[in-house]
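In TrEMBL this protein carries:
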| type | residues | note |
| --- | --- | --- |
| COMPBIAS | 150-161 | compositional bias 'Polar residues' |
| DOMAIN | 15-71 | domain 'BHLH' |
| DOMAIN | 85-117 | domain 'Orange' |
| REGION | 127-161 | region 'Disordered' |
């Protein structure tokens, strides 16, 4: 059996017990500071996705992870001109659909626009025409701004650039 009181054995733990909340507060402060820095760094991205909303910490972390995944996937592999165009078109289509669903407009007009945008694009074949040959006599400045093309129906095709 033990002799003596148990009190002296628990006494050395008192400084550690006092230190634990201080360490925990410092850890929470570091986390909050880092989340605030992420929010400031990605503020434009947040405003684009969720304007006029107060973001919670979990929202900031989720959007940061999503942004980093998208950035990493975007930077990891070089894209061909056709892939780049297709991804840009898909992104624009997604933004247009989001805009149309948020704003109450004539649903017939919405359906016509969505149908128009989701049709396979005949202009994808013209991307090969934009690609300069390797021994082009034209200066690089002339190759960056191609002349506007007419669509097969004769009307101008709207381009996002």
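Positions of Cβ are set from backbone N, Cα and C atoms, glycine also.
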Checklist entry - Counting by DSSP, what is the helix, strand and coil composition of the domain 'Orange' (85-117)? => result 29 helix, 0 strand, 4 coil
Item to check | Whole-number mean of pLDDT values that fall within the domain 'Orange' (85-117) | outcome: 78
Checklist outcome for this item: Taking DSSP helix as H, G and I and strand as E and B, the domain 'BHLH' (15-71) has 49 helix, 0 strand, 8 coil
